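Asks: So TrEMBL has the following annotated:
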type	residues	note
BINDING	Lys66, Lys90, Ser344	substrate binding site
ACT_SITE	Lys102	active site, proton donor
SITE	Asp142	site 'Important for catalysis'
BINDING	Thr185, Asn216	NAD(+) binding site
Amino acid sequence: MNALAATSRNFRRASKLLGLDSKLEQSLLIPFREIKVECTIPKDDGSLASFVGFRVQHDNARGPMKGGIRYHPEVDPDEVNALAQLMTWKTAVAAVPYGGAKGGIGCSPGELSRSELERLTRVFTQKIHDLIGTHTDVPAPDMGTNAQTMAWMLDEYSKFHGHSPAVVTGKPIDLGGSLGRDAATGRGVMYATEALLAEYGKCISGSTFVIQGFGNVGSWAARLIHEKGGKIIAIGDVTGSIRNASGIDIPALVKHRNEGHAMKDFHGAEVMDSTELLVHDCDVLVPCALGGVLNKDNAPDVKAKFIIEAANHPTDPEADEILAKKGVVVLPDIYANSGGVIVSYFEWVQNIQGFMWDEEKVNNELEKYMSSAFQHIKAMCKSLDCNLRMGAFTLGVNRVARATLLRGWEA
């Protein structure tokens, strides 16, 4: 099941639990606007290359639309649509005043030079500049983009609209980026894990963890869980998977990977088959990489007691049902990985106020938001007698539906 079908299915289940009117339900699923643009740039060798860019703006009932821009060869309208919709529910669960959006350009960033990427970003911004804005739609980095991409977008947008630091988030610190933004998603994963384990009388210290993925989210989650006394006994990424029953030295592994060495060449652990990583015996499994990694084939063999969805859509609906029958507790992505968008909101607030926060304030506020969202999800689970995924979805959908009705959606 693809991401759009799975997201729509979760939405419809939440809508049924909430007893939403069928017309309102249909209206909440339809995107506000879908944009498709051709981006033609001169390449370094003088030839012309054309790329297709997308921006789906899903809903703005609760505030400006918010979502990342990804550069990836497989960016397609269906995927962008699903992720935009997911952002609408995610921002509502986190209680930040945004709606959902998502965008991307179908390209292979690794095959383009820095100057080609800059030209492509600027042309894309020229095509959509009148459809984004501080109080309209606020992009952020995603797969294949970074703080530098946001700096180019900000500069190009400002040529048309004047200095507008709050038009994008995830910027470099020197251009109004927020302290703590780089670690935000991983830190949010750690706070979410703490909240869930506390419900079961456990804590990070003394629990065993398996982490799949060691990019921005995976490496920060691993670092912060390690600092809290969690024992990470297996970890893997595209360069291999490793295990050590006594616990992996995460600071040493971060240094090893930052030096450009493969995961499998790390000396402080033994190499393991990557296919066994997700079914390795542990207390907590944290998928931080791609979607759809837990499916009907491997779900029956999962040995973890808790799964924290740090990646977007890592668990297929079929796997969800199998895991539920096994009694595995799954903390859904729409809450677990919302640390990034929460700190993006803090960045936007700081830019609008022209008053920057120190890192301690950013982290303290993030912890408050993550803790509050978990309590609200728990309350939904209790009142509707549902699991955490449906608790989170019903919370998000209900908040958006209420805002839509208060605005007078049929007018």
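Using N, Cα and C of the backbone, Cβ positions are placed for all residues, glycine too.
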Asks: When the Cα of Ser344 (substrate binding site) is compared with the Cα of each of the recorded positions Lys102, Asp142, Thr185, which one is closest?
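Replies: It is Thr185, whose Cα lies nearest.
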Asks: Quick one: of Thr185, Asn216, Ser344, which of the binding-site residues has the smallest count of other CB atoms within 10 A?
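Replies: Sparsest of the binding-site residues Thr185, Asn216, Ser344 by Cβ contacts within 10 Å: Asn216.
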Asks: Which chain neighbours of the substrate site, leaving out Lys66, Lys90, Ser344, have a Cβ atom within 8 Å of the mean position of the site's Cβ atoms?
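Replies: Apart from the listed residues, the neighbours are Gly67, Met87, Thr91, Ala94, Val96, Tyr98, Gly100, Ala140, Ser338, Gly340, Val341, Ile342, Tyr345.
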Asks: Taking only the Cα atoms, work out how far Lys90 (substrate binding site) lies from Asn216 (NAD(+) binding site), in Å, as a whole number.
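Replies: Cα of Lys90 (substrate binding site) to Cα of Asn216 (NAD(+) binding site) measures 19 Å after rounding.
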Asks: Give me the Cα-Cα distance between the residue listed as 'active site, proton donor' and Asn216 (NAD(+) binding site), rounded to a whole Å.
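Replies: Counting only the Cα atoms, the answer is 19 Å.
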Asks: If you measure from the Cα of Lys66 (substrate binding site), which of the recorded positions Asp142, Thr185, Asn216 is the nearest?
Replies: Asp142
Asks: Around Asp142 (site 'Important for catalysis'), which residues of its chain at least 6 apart sit with Cβ under 8 Å of its Cβ?
Replies: Gly67, Gly68, Ile69, Arg70, Lys102, Gly104
